[in-house]
């Protein structure tokens, strides 16, 4: 009986994902797609232009940006690709 109860608890934790974390893309500019697991509840994509052309930065959270930098924050997994 104890084994059955323990099995039910483990299955519940796995399926409910009690420690849910966000997955955000974190590749820079035109690099191949990579992701990271984040503790924050949002992802961002920052874009700006400099002497190299258009630069794109992706990551976790929703940072403040300087004037001239575009930012898009979102709240679903890999939404910042």
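The backbone N, Cα and C atoms fix where each Cβ goes, and this holds for glycine too.
As written in Swiss-Prot, here are the features:
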DISULFID  24-43  disulfide bond
DISULFID  38-60  disulfide bond
DISULFID  62-73  disulfide bond
DISULFID  74-79  disulfide bond
SIGNAL    1-21  signal peptide
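Positions of Swiss-Prot features highlighted on the structure.
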residue : record         : CB count, 10 Å
24      : disulfide bond : 25
38      : disulfide bond : 17
43      : disulfide bond : 28
60      : disulfide bond : 21
62      : disulfide bond : 16
73      : disulfide bond : 15
74      : disulfide bond : 16
79      : disulfide bond : 17
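If you take the Cα of residue 24 (disulfide bond) and the Cα of residue 60 (disulfide bond), they are about 6 angstrom apart, rounded to a whole number. Here the C-alpha separation of residue 79 (disulfide bond) and residue 73 (disulfide bond) works out to 9 Å. Using CA atoms as reference points, the disulfide-bonded residues 38, 43, 60 were checked against residue 73 (disulfide bond), and the closest is 43. Closest in space to residue 74 (disulfide bond), of the disulfide-bonded residues given as 38, 43, 60, is 43, taking the CA atom of each residue.
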